[in-house]
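Right, one structure below, let's go through it.
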Amino acid sequence: MTQADVFMAQALQLAEQALFTSAPNPAIGCVIVRDQQIIGQGYTQAPGGNHAEIEALSDAQAKGHDVRGATVYVTLEPCSHFGRTPPCADALVRAGVGKVVAAMLDPNPQVAGQGFARLQAAGIIVESGVLAEQAYEMNIGFFSRMQRGKPWVRLKVAASLDGKTALYNGQSQWITSPAARDDGHLWRARAGAILTGIGTVKEDNPQLTVRAVPVARQPLRVIIDSKLSIAPLARILDGDATLIFSAIDNAEKKAILQARGAEVIVLPNAQGKVDLPQVIQELGRRQMNEVHIEAGAKLNASLIQEGCVDELLVYLAPSILGDARGMFALPELENLQDKFSLKFHQIKQVGEDIRILARFL
Ligand code: AOF
Ligand code: ZN
């Protein structure tokens, strides 16, 4: 680890504190260093609040430190535009820092190198690419939305070692351990939206809120309900607003659901089902960086078949259920070549279970 790595790692740790609150902004961390000492630090505040650099500058100031000539480590290129807040690059120039080390370029077309350019024009030394991979992973949804115009979609399943998610009678509580379930809530919390299907709503009557970790805002809950057959008393409609995608228009049902705080969007495909790729696009338009899916085998399969899923988040318990429900209700293949291929991105033990992150190729 170089010294730059050490300070960038600290900035990344700070960024983690913004992971559940900064969306749709990326979660960014910043430390200001002089003589090997951190003299100011900060992370992105909720939208409209300060960016990480401004927090770090005012932290240094509050502590009576002189930032002139200091080095700034920040997990993203400082912004150059007037968004909800003024440009961080200008604030750094005004403060007279000597050097800015960033983990990555900001892919936001309003910034995209202009932040670095402004700093350089003012004679500030700029470096980029320190711990870039960690910085990318932390804001993978923001990068996805900026670079591909759509959110990063993560599909979560909890299963036995033989890949079974529930008994045929529906019993599924609990296959994985409490540690894995709490870990699942961390992934829910960082997502802008949690998506499920009408099958799961009818069978489990879930709330799909974040409860295992404290959060300032709950993710938007999204329900795929082709026939608009959700019961108005379903628990998922309690609390914050929900978004329902259906394939049919029904003014009467819509009015009842709207009265329950739901928004209904009619988005059919040629087969008369909900157009899933369009759902993901729409969530991107609504500035969702990460979409977290917790659904049943049928919707899971459709999402995968229609190319909507970027990554699987699989918790595997050390148990065997035998003949029971699988993760994905995909049709039988005739040919192994037709399999879906993924790459294991990360494997970790969580409590008694194993957590696998696997990405579609
Ligand atoms: C930074 N530092 O901590 C973050 C940045 O509407 P605004 O003013 O909040 O700007 C949002 C954009 O700023 C966002 O899309 C991204 O390009 C950048 N995020 N930039 O200098 C930060 N969170
Ligand atoms: Zn900024």
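We number each residue from 1, going along the chain as drawn.
From the backbone N, Cα and C atoms, a Cβ is placed for every residue, glycine too.
What TrEMBL records for the NADP(+) site is TRP174, THR200, ASP204, SER226, GLY296, ALA297, LYS298, LEU299, ASN300, ALA301, SER302, and among ALA158, ALA241, ALA251, ALA270 the residue it adds there is ALA158. TrEMBL names SER172, ARG188, LEU208, ARG211 as substrate ligands; from the candidate set GLU290, GLU294, GLU306, the record adds GLU294 to that same site. Within HIS51, HIS65, the residue that TrEMBL lists together with CYS79, CYS88 for binding Zn(2+) is HIS51. As a whole number, the greatest separation of Cα atoms within the NADP(+)-binding residue list ALA158, TRP174, THR200, ASP204, SER226, GLY296, ALA297, LYS298, LEU299, ASN300, ALA301, SER302 is 29 Å. Within 10 Å of THR200 (NADP(+) binding site), judged by CA to CA distance, lie the following binding-site residues from the set HIS51, CYS79, CYS88, SER172, ARG188, GLU294: GLU294. DSSP places the residues of the domain 'CMP/dCMP-type deaminase' (2-127) in helix, strand and coil in these numbers: 41 helix, 24 strand, 61 coil. When the binding-site residues HIS51, ARG188, ARG211 are scored by other C-beta atoms within 10 Å, HIS51 scores highest.
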